[in-house]
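Here is what TrEMBL records for this protein:
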| type | residues | note |
| --- | --- | --- |
| REGION | 1-114 | region 'Disordered' |
| COMPBIAS | 15-29 | compositional bias 'Low complexity' |
| COMPBIAS | 95-107 | compositional bias 'Low complexity' |
| ACT_SITE | Glu256 | active site, proton acceptor |
| BINDING | Gly289, Ala290, Ser291, Thr292, Gln293 | ATP binding site |
Amino acid sequence: MPTGGSSLSRRRQSSVHTLSSPSQTSSASRPTRNVPYTKLSPRTHRKTMISPRSSNYERLEGGWKGPDLSEVDYDPLPPPVNPESDHHTVHVEAPSRTQPSPSRPTSYDSDPDPLKTVYCTKPYTPSSPLVQYALMIDAGSTGSRIHVYKFHNCGPSPAYEYEVFKQTQPGLSSYAGAPQDAAASLDTLLDVAVSTVPESLRKCTPVAVKATAGLRLLGPEQSGEILAAVRQRLRTTYPFPIADDNSVMIMDGKDEGVYAWITVNYLMNTIRADSPKGSTPYAVLDLGGASTQIVFEPSFDKTKSDSSLQEGDHKYELKFGGRTHVLYQHSYLGYGLMRARKSVHRLVEFMDSIRANGAGKEIGNPCLGRGTSRVIELEDSDGKAKNVTMVGEEVGGFEACNRVMQLVMAKDAICEVKPCSFDGVYQPSILDTFPSGKILLLSYFYDRLNPLRPSTNPPRLTISSLAELATDVCKGRPAWEKRWGGDAEAMKELAGRPEYCLDLTFMHALLRLGYEFTDEREVQIGKQLEGTELGWALGAAIAMVGGELKCKV
């Protein structure tokens, strides 16, 4: 492991510095320690642990109070390393951190004994296990992912060591009408958990499956059938305990955003008890397939009339690292990247129909790169699926596409409590309440922006530079050749995604028009920090292992 400061793992392999780790396994393989396990019968009597959401959440007047994590152990730990070979860039400056000794494991493969920990020989409390594992399955709209987390109990509460991560496609929402198939699709993930968690600890390793916006959009009947099938398969096929029905559920959008905020700021060492004094937590913006979230901790000028956060569901009180954080959060269902694409395509087709274009003709779409085409599946007036060919037209481009985005963003919606971001949603002014704080963009923000940026010494990413990227992408191949002609990977990405222009223009509209960031505001993108996925899963797992633990028997 490097000894000269924290290193950030990178996605693109050419000319980059990566955190070294011994013999990492590929994404297609499971960890090497394969221990047989006995499948449980449906009649197996079990006890369950307490749901991480049940007793930790209390509805407050005008807001939500999150789990009390003020006693979580935040001693500096060795940074985790993903056992996969596909590293991901995190364009963030790592905080100062004491480097661990080389003997401390930073991944499953470097762990000398998964049953033990190098931090102590006995747990802090005799009733706690020395080592605790936790399984968190993120059932997203485009795929499912498992995070196998290892914690130790050397202090008064569990402390994080590392994770094992694997993902699969498609997501649970793709199995509408086939709930048993949906449940079985998680087997490849759970088999990784069986291979990772020592046999003697499996019956006390809690598992949770949290579905996000994609499953919510199926409606209560179909999503309920899928979740019931997943719950039954976990209980009868795998040795891990689930708490109750709340452990396999569609996660509230507010929890998704806040848990991602915890993960990022925990790993960036801005909210721990040992964090440098005066550390300002990052604002976290997560762009999924069906929804997008924003979470930040605003500060208010007491001399102004608007001197505090308005009451409401957007207000989230969180005790963490010995401090109470009053967060603003909102989850915009329907404004994820895939849903935004559908909204744009429907709007373009509607505008074309007004112009009385002949049926069956190609439709010019200003949000497709010039010279590209795409067959889009839409619904006709009877709700039946139909295919429409859309082409990038010469009159299109970033500016033309941005005008479409202005309609999609519903910026002129009625704002009952001011100020508002978009779609009539109250949000404190970023400029006034978070003027200089760092901003981290996750998920699709990273997936679309990272391939177009240099793998070494990337320039500052600002709202205006994002607009410049989108402008060149929307111009089509001649502009691609001029800017990315020497980067075969970037050219392949652009050629394979006709909607790249749409994606980047939507991201710019979301940040500039929606959240009202200034053109010169700097943002950073991230996927993983030293092997740990930057998302809501670790934050949710911290809350889960901090609750009461009961095991299957």
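Every residue gets a Cβ built from N, Cα and C, even glycine.
Because TrEMBL annotations are produced automatically, they should be read as predictions rather than curated entries.
Here the features listed in TrEMBL are painted onto the structure.
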residue	record	contacts (Cβ under 8 Å, 6+ apart)
Glu256	active site, proton acceptor	Lys210, Thr212, Asp286, Ser291, Gln293, Ser331, Trp536
Gly289	ATP binding site	Gly140, Ser141, Thr142, Ala213, Gly214, Gly336, Leu337, Met338, Arg339, Tyr444
Ala290	ATP binding site	Ser141, Thr212, Ala213, Gly214, Arg216, Leu217, Leu333, Gly334, Gly336, Met338, Arg339
Thr292	ATP binding site	Leu285, Asp286, Ser331, Tyr332, Tyr335, Gly336, Leu510
Task: Among Ser291, Gln293, the one of these binding-site residues whose Cβ has the fewest neighbouring Cβ atoms within 10 Å - done: Ser291
Task: Additional residues around ATP, ordered along the sequence, whose Cβ is within 8 Å of the centroid of Gly289, Ala290, Ser291, Thr292, Gln293 - done: Ser141, Thr212, Ala213, Gly253, Asp286, Leu287, Gly288, Ser331, Tyr332, Leu333, Tyr335, Gly336, Leu337, Arg339
